[in-house]
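A.B. asks: Pasting the feature list from TrEMBL:
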| type | residues | note |
| --- | --- | --- |
| TRANSMEM | 6-27 | transmembrane segment |
| TRANSMEM | 55-76 | transmembrane segment |
| TRANSMEM | 82-101 | transmembrane segment |
| TRANSMEM | 108-128 | transmembrane segment |
| TRANSMEM | 148-168 | transmembrane segment |
| TRANSMEM | 175-196 | transmembrane segment |
| TRANSMEM | 216-233 | transmembrane segment |
| TRANSMEM | 240-264 | transmembrane segment |
| TRANSMEM | 276-296 | transmembrane segment |
Amino acid sequence: MGFSKDNLTGFILALLSSGFIGASFIIKKKGLRRAAAASGVRAGMGGHAYLLEPLWWFGMITMIVGEVANFVAYAFAPAVLVTPLGALSIIVSAVLAHFILKEKLHKLGILGCVMCIAGSVIIVIHAPQERSISSIQEIVNMATQPAFLLYVGSVMVLVFILIFYFAPQYGHTNVLIFTGICSLMGSLSVMSVKALGTALKLTFEGRNQLIYLETWFFMFVVATCVITQMNYLNKALDTFNTAIVSPIYYVLFTTLTIVASIIMFKDWDGQSAGSIISEICGFIVVLSGTILLHVTKDFERSSSFRGNYTPLSPTLSTRLCSGNGESLKHDVEEGPSSEEYLQIGYFKFTLDDVTIC
């Protein structure tokens, strides 16, 4: 299917967005590590030293640039096209984590990256064209459909359950808790971003939509959802391995966003069965690639732990195996002999939150 001018613009912006966002994960995590080393208190233990760390702020700026590009992309192209291109952020994140953070990427993980790219290409080729919207009222009518209201209600109930019940008990040991909250809120933020972006696009074209209260309501929803996403994304990044957080976040976020977009914007209306099946197949390929990344990363980390266990000093070994929150308090006498040992203690045995002022 040929690209319209709007779809092509959205496609290019989505590619740029994914590159910036993927890099921001690594920059922010480097900033978190540097701040923790300087202050002696990790963000996950209640420290806020990272707010004074220029590298962390540079990562935030990089992410904001990526999000702005993503925001504009949704105003030009359907979510079914824009969202799957987030797979590129997985590639950028995993590759940079391998070289910069020394989080080893298994050879099968490289295959997973290739599968993510291949699946995204299939989705892009068969993506639907952006439907024409002439006013914010049209979007409000879409947002108030019974089916979409049911989706919104279900998301809010799940988010509250995850935040107030599962996160305190399992958030530090199960990566799906923090990333699940991010993804659920993310699906609503994308719908609101698309609504707001379309309203601004119409305004710049001479049809002012800022006079309508609905436009400002969508802006409020975007701000609320994004703040929640950033908070729990920080928690996930600080607690778990970047090469695991990124693909899982992508899988959940993309799945939920596509479902929400299909319900609200009727993206599949008018498409042939062949195109829809091709999109689903492409998405399955992407999912398979991200799962492969997840599995091989766990394998690599487990192998590293087994291979490096013997050289640990007896005191450090005992403290790591105890699994308590003090395992990060290495003094000079029991310091690890390599960065890998620090990473094992940092990611595997520390189960603390990240907070944002």
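Cβ from N, Cα, C; glycine included.
Set these features in their place in the structure for me.
C.D. replies: Outside the transmembrane segment (6-27), and at least 6 residues removed from its termini, the chain residues within Cβ reach (under 8 Å) are 55-56, 58-60, 62-63, 65-67, 69-70, 72-78, 81-82, 85-93, 96-97, 100-101, 124, 127, 129-130, 237, 242, 245-246.
With a cut-off of 8 Å between Cβ atoms, the residues of this chain six or more beyond the transmembrane segment (82-101) that come close are 10-11, 14-15, 17-19, 21-23, 25-26, 29-30, 66, 70, 73-74, 109, 113, 116-117, 119-120, 123-124, 190, 241-243, 246-247, 250, 253-254, 257-258, 261, 282-283, 286, 289-290, 293.
With a threshold of 8 Å between CB atoms, the same-chain residues lying at least 6 positions outside the transmembrane segment (108-128) that come near it are 1, 7, 11, 77-78, 80-81, 84-85, 87-88, 90-91, 94-95, 243, 247, 267-268, 270-271, 275-276, 278-279, 281-293, 295-297, 300.
Non-local neighbours of the transmembrane segment (148-168) in the same chain are 142, 174, 177-178, 180-181, 184-185, 187-188, 228, 256, 259-260, 263-264; each lies 6+ residues outside the stretch with a CB under 8 Å from one of its CB atoms.
Residues 70-71, 74-75, 79, 83, 136, 139, 143, 152, 155, 158-159, 162-163, 166-167, 215, 218-219, 221-222, 225-226, 228-229, 232-233, 235-236, 239-240, 244-245, 248-249, 252-253, 255-257, 259-261, 264-265 of the same chain lie 6+ residues outside the transmembrane segment (175-196) yet bring a C-beta within less than 8 angstroms of a C-beta in it.
Within its own chain, the transmembrane segment (216-233) is flanked in space by residues 67, 136, 139, 159, 178-179, 181-182, 185-186, 188-189, 192-193, 195-196, 199, 210, 245, 249, 354-356, which lie at least six positions past its ends and keep a Cβ under 8 Å from the stretch.
Same-chain residues lying 6 or more positions outside the transmembrane segment (276-296) and placing a CB less than 8 Å from one of its CB atoms are 80, 84, 87, 90, 94, 105-109, 111-116, 118-123, 125-127, 243-244, 247-248, 250-251, 254-255, 258, 268.
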